[in-house]
Amino acid sequence: MFAEVILPLNLSRTFTYSVTAAEWDFLQKGMRVAVPFGKNKIYTGLVIELHENEPSLYEARPISQILDEKPIVTEIQLAHWFWISSYYMCAIGDVYRGAMPSALLLESETLISLKGDSYFEKDNLSDQEFLVYQALMHQSSLKVAEIMSLLNKKNIFPVLRKMMENNVISIREEVHEIYTPKLVKYIRLHPDYSEASDLQGLLEVLKSAKKQKDAVMSYFQLSAEKKPVPLKRLSEMSGTSAAVIKGLVEKGIFEDYFIREDRVDFGDDEGNNTLNLSPAQQTALKDIQSVLEAKEVCLLHGVTASGKTEIYLRLIEQYIKDKKQVLYLLPEIALTTQLVGRLQKHFGNKVSVFHSKYSNNERVETWNRVLESSDKAQIVIGARSALFLPFNDLGLIIIDEEHEQTFKQQDPAPRYHARDAAIVLASQHQAKVLLGSATPSLETYYNAQSGKYGLAEITERFGNVMMPDIELVDIKDKYFRKAMTGHFSDTLTGYIAEALSLGEQVILFQNRRGYSPVVECLTCGHVPQCPQCDVSLTYHKFKNQLRCHYCGHHIAMPVNCHQCGSIDLTTKGFGTEQIEQELSEIFPQAKTARMDQDTTRGKYSFEKLIDSFKNREIDILVGTQMLAKGLDFDNVSLVGIMNADNMLYYPDFRAFERSFQMMVQVSGRSGRSQKRGKVIIQTFNPMHNTIQQVTRNDYEGMYKEQLYERHIYKYPPYFRLIRLTLKHRDYERLKSGSSWLYEVLKQNLDIPVLGPEEPSISRIRNEYIRTIMVKIPQEKALGTTKKTIRKVLNSFETIAQYRSIKVIVNVDFY
Ligand code: ADP
Ligand code: ZN
Ligand code: ZN
């Protein structure tokens, strides 16, 4: 008897293990098993089938251990994972690893210990070996990772190998279950005393033990609530110590027991939080409802601050009444404390948050709640990975800000698009999908236009608030007139001064973090580059460092040019850090803060920033695209876009679409209540079509223009893109390998194959990069094309000199 098992490794196939008769009886699909793999590794596998077909190529090894009492992965999930693996051309093992909270994938950590019974010459040990030996005298075993830090080096395997050969140490593998549910102790009456008639007798017995008698009396009071009695509460109420209660347990009067307590718990102040929908919201809701009766997917295209969230709430309500599960996906969970609060206010305890910043334990808890269809997880709110939770009865998926590119996972595999994978998941559950955005992706809007998705619209802001007034500032002209202070035009500083004088808040957007992107030598023109990547280093003034944004490499800001020794160094371009500094000089009295990757690393730093901005402790918030994601501040009257051009000229076919989305979204943070907001866009190209479309809030115009371009240049939605990325440290080998792959693909596919191209950043962490793009016309069968690509990749791997070239497949490249 055999079990078919997926392993959490980059492996496309499943593996067959043998099971005993007893295990066979117990095992079910979707349970985890610890299995040996390779020489002495142990992994957590997932059983996907039980069968009697002996593998022909290898001898099935027995499983080591069954890890679950019941399945923790559902059949629908498995089907969904296999869809992802086939559609996105990645290993099922990668999907499994990506889908499960890591705490459910047991870790196999190598433990090292002394070999107690052997003899060796201590004097023959090297210094490092002696260190290890000494440490192991004090501690029975050490993890490989601990020894690394002990010796302060990565490559410790030679040291360990030698010690093993000399019989000093041995290696053993051990599996740890990381997840430890938090247990709470409860107290109940021993069954002997549960009869009412015994109570008098009981109190009689305890007459002389006053404290114990108090505890028993309090117990009766508490148990009148007909709920389990926690030890802690009993002790508090009776004013007795845990030791007194323990004495009662020892006497056989009480019993203690455990109930697993949920870690993430929100108070349950449910209900009466319903706002009245505006007529526009009501119409949109009705439209959505009627669309969803006929179609699976509906797009809600509503301008910024039109009140989309409130509509989502109403729709969720409807599915909750029908006892369905609801999944609410957001581009980035850290940005959504506001929304989480809103949902909890409305739905109380029914909301669970699935958050990559939450601990392993908390994530396992949510997993289990969803699996058990617990009320507490009827609504799950999370970023893309929440898609992998074990839903039983999903009724609705909401995808807010559906245009956000963070929904597409770039690295590592599975490189899935959460919006598209959610639509597939919904159809497996026969659930509905609502996509929401003020600036829908071209693909989605195209699907809504073609009738594949339904469409509902809101064209006005909630509460008759006007769309912000957008003013363009031509900075070429301003420089010419000497009307710039640093990177601020006099127009922008004028409006900032006005807003500040009225006690209103300001948001400034700059698409780049750091102080300035480039340091240049004025004498020889040298620009410091990252030694491992094909990019120049970014100057971070506060740390006085040059940093690489691709690999993290950093050096102290040089005083002289490394090339010619000149001290005439200058900085070019600007980032958020420089804006913040210029601000402090122009408006020394204003309180400013910066929101970008550098300032929001800690667990709650993002939330803190948002809170203090909301509480008006900050006057001016400077930030990167993080600002664009659905934040709602009611006192912001001015938004400044420092430079619209660097977004527009980004080398990407989506650059105009993205710039439009970014500018409209950032602008949308302005004037969200009552007073009409103001937006200043500084640009060298005020007549650029995309910028003009932003000023008119002309989504349709942008859509039509871009769609036309996509058609001509063969891009989505007319063509699907599969991008192959090849990487190797050896430039020549990569070059010949990518040419080979390109030629063979071209011969085997009768569709456009482009490349092999050197991307604009052609080396990262010392690996050279080439890309090949396959464009698949809409009418062409996707499956057969992928099969062909797979075949070609398989032959590529059989060529000895190319085997070491990494090939990354990105389906629906974003
Ligand atoms: P969007 O997501 O469309 O940008 P929001 O959902 O953030 O807009 O709503 C914008 C603002 O209007 C929020 O402050 C929200 O609380 C308020 N709002 C929306 N709908 C209502 C309503 N029906 N009653 C009262 N306030 C509302
Ligand atoms: Zn120089
Ligand atoms: Zn680098």
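Glycine too: its Cβ is placed from the backbone N, Cα and C atoms.
Since this is a predicted model, take the numbers as computed values, not measurements.
Feature list (source: TrEMBL):
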DOMAIN    289-458  domain 'Helicase ATP-binding'
BINDING   Cys521, Cys524, Cys561, Cys564  Zn(2+) 1 binding site
BINDING   Cys530, Cys533, Cys548, Cys551  Zn(2+) 2 binding site
DOMAIN    534-710  domain 'Helicase C-terminal'
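Of all the binding-site residues listed here (Cys530, Cys564), it is Cys564 whose C-beta has the fewest other C-beta atoms within 10 angstroms. The binding-site residues in question are Cys524, Cys533, Cys548, Cys561, and the one with the fewest Cβ neighbours inside 10 Å is Cys524. Taking Cα separation as the measure, Cys524 (Zn(2+) 1 binding site) is nearest to Cys530 of the binding-site residues Cys530, Cys533, Cys548, Cys551. Just so you know, of the binding-site residues Cys521, Cys551, the Cβ with the fewest other Cβ atoms around it within 10 Å is the one at Cys551. Considering only the binding-site residues Cys530, Cys533, Cys548, the residue whose Cα is spatially closest to the Cα of Cys564 (Zn(2+) 1 binding site) is Cys530.
Those same-chain residues not listed among Cys521, Cys524, Cys561, Cys564 yet with C-beta within 8 angstroms of the centroid of the Zn(2+) 1 site C-beta atoms are Leu522, Thr523, Gly525, His526, His562, Gln563, Gly565, Ser566, Asp568.
Note: the CA-CA distance between Cys551 (Zn(2+) 2 binding site) and Cys561 (Zn(2+) 1 binding site) rounds to 22 Å. Among the binding-site residues Cys524, Cys530, Cys533, Cys551, residues whose Cβ is positioned under 6 Å from ligand 2 are identified as Cys524. Separation of the C-alpha atoms of Cys530 (Zn(2+) 2 binding site) and Cys561 (Zn(2+) 1 binding site): 15 Å, rounded to the nearest whole number.
Cα-Cα distance from Cys548 (Zn(2+) 2 binding site) to Cys521 (Zn(2+) 1 binding site): 18 Å (rounded to the nearest whole number). Classification of Cys533 (Zn(2+) 2 binding site) by DSSP places it in coil, neither helical nor stranded. Sequence-ordered, the extra residues of this chain that approach the Zn(2+) 2 site, with Cβ no more than 8 Å from the Cβ center of Cys530, Cys533, Cys548, Cys551, are Pro531, Gln532, Val535, Leu537, His549, Tyr550, Gly552, His553, Ile764, Arg765.
With a cut-off of under 6 Å between the Cβ and any atom of ligand 3, the binding-site residues Cys524, Cys530, Cys533, Cys548, Cys551, Cys561 reduce to Cys530, Cys533, Cys548, Cys551.
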